[in-house]
Amino acid sequence: MQIFDYEDIQLIPNKCIVKSRSEVDTSVKFGPRTFKIPVVPANMQTVIDEPLALHLAQNGYFYIMHRFEPEKRLDFVKKMHAAGQYASISIGVKQGEYEFVRQLVKAHAIPEYITIDIAHGHAQTVIDMIHFLKHQLPNTFIIAGNVGTPTAVRDLENAGADATKVGIGPGKACITKIKTGFGTGGWQLAAVRWCAKAARKPIIADGGIRTHGDIAKSIRFGASMVMIGSLFAGHLESPGKTVEKDGQTYKEYFGSASEFQKGNRNNVEGKKMLIPMRGPIKGTLTAMQQDLQSAISYAGGRDLASLRKVDYVVVKNSIFNGDQF
Ligand SMILES: NC(=O)C1=CN([C@@H]2O[C@H](COP(=O)(O)OP(=O)(O)OC[C@H]3O[C@@H](n4cnc5c(N)ncnc54)[C@H](OP(=O)(O)O)[C@@H]3O)[C@@H](O)[C@H]2O)C=CC1
Ligand SMILES: Nc1nc2c(ncn2[C@@H]2O[C@H](COP(=O)(O)O)[C@@H](O)[C@H]2O)c(=O)[nH]1
């Protein structure tokens with residue numbers, strides 16, 4: 001297998017077939033809906049909250065609500081449906097989650113999307129939860145993760161997952177790779193490719209996106225959707241705490257397995273950092289779409305499919321994906 005990460009790859013242009021980048025279509029069908037761009041903010045507490053989820057849904061973007069205020073999830077689903085929007089939530093695999101799913105069914109509050117979100121997604125606990133969800137909520141689109149191998153993708157797909165999420169440890173707030181020695185950190189893009197070759201259903205490339213060009217690269221190597229945390233955490237709407245330091249404004253960003261999220265120091269695999277404030281999220285979403293339109297024009301096409309076949313070169317190798325430790 002060829003090993004590389006985002007910063008090691010450059011895509012090679014083809015002859016342009018559009019007169020303007022505005023002609024290029026970046027939309028993606030993912031599950032029952034079509035979204036403006038193949039990008040979803042990470043389901044982390046410093047990246048997404050209820051107001052932002054509603055804003056994204058109303059404006060044609062995919063979102064996945066986090067699972068760290070579990071008691072609010074039932075009302076959240078009801079509120080999204082009352083607003084005429086789709087509901088997309090996260091769950092874990094502990095016993096209480098089975099009861100929560102029964103509550104959803106009883107209340108006829110059926111989310112359109114559910115993401116099973118645990119660190120080591122290639123696990124019997126996840127397979128059991130997929131079986132349970134498919135039995136209780138047969139019409140809900142189930143995303144399962146996170147995984148980092150083709151075997152894991154196949155096992156979760158065979159269990160009934162409609163999509164899998166690939167990425168163990170490439171995240172900016174991640175210390176899994178340091179603390180355990182495991183993961184796809186430093187070769188996330190190659191892992192996406194490896195998994196996508198085995199996948200029969202869509203995969204989400206999760207973690208390690210540092211530039212907008214990395215979105216096009218993820219699509220090139222087989223992702224249908226790209227999950228992004230740190231690049232989304234520094235906006236006015238971002239739920240993280242605003243911090244002033246040396247005349248600069250920042251937002252807090254912490255890992256979902258950090259002690260700040262967990263409230264204890266057991267099995268910590270995430271850290272906290274400050275992300276410089278970038279203004280309203282609308283500006284970033286628009287820039288992502290425009291940069292993707294431009295990428296597709298370089299691919300010589302007019303939609304996302306044209307990115308899938310472009311040639312590429314490996315320009316160098318780096319294990320830390322540009323992060324400082
Ligand atoms: N994408 C990534 O690389 C990573 C993401 N995360 C994020 O952190 C959050 C918390 O994740 P998680 O700790 O799984 O959630 P939970 O604390 O809800 O744990 C889920 C269940 O899985 C068990 N579990 C967790 N990790 C492992 C493991 N390595 N081996 C065996 N069992 C395990 C837990 O038990 P117990 O705790 O007792 O072991 C628990 O029963 C999630 O949002 C997840 O996405 C965390 C690490 C890596
Ligand atoms: N190893 C850990 N990974 C984590 C943790 N919290 C979130 N994550 C993953 O990171 C991505 C976002 O990555 P980014 O590079 O875009 O910032 C997120 O979607 C999770 O999969 C954690 O505590 N530890």
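Glycine too: its Cβ is placed from the backbone N, Cα and C atoms.
According to TrEMBL, the domain 'IMP dehydrogenase/GMP reductase' annotation covers 5-310. Look at TrEMBL and you will find Cys174 tagged as active site, thioimidate intermediate. Taken from TrEMBL, the feature NADP(+) binding site applies to 203-226.
Under the DSSP three-state reduction, Ser224 (NADP(+) binding site) is assigned to coil, being neither helix nor strand. When the Cα atoms are compared, His212 (NADP(+) binding site) and the residue listed as 'active site, thioimidate intermediate' turn out to be 20 Å apart. With a cut-off of under 6 Å between the Cβ and any atom of ligand 2, the binding-site residues Ile203, His212, Ile215, Ser218, Phe221, Ser224 reduce to an empty set. DSSP assigns Ile203 (NADP(+) binding site) to a strand segment in the three-state reduction. For Asp206 (NADP(+) binding site), the number of other Cβ atoms no farther than 10 Å from its own Cβ, over all displayed protein chains, is 30.
For Ile209 (NADP(+) binding site), other Cβ atoms within 10 Å of its Cβ number 30. A Cα-Cα distance of 20 Å separates Ile215 (NADP(+) binding site) from Cys174 (active site, thioimidate intermediate). Listed in sequence order, Gly183, Gly185, Gly207, Gly255, Glu269, Gly270, Lys271 are the same-chain residues six or more apart from the residue listed as 'active site, thioimidate intermediate' with CB atoms under 8 A from its CB.
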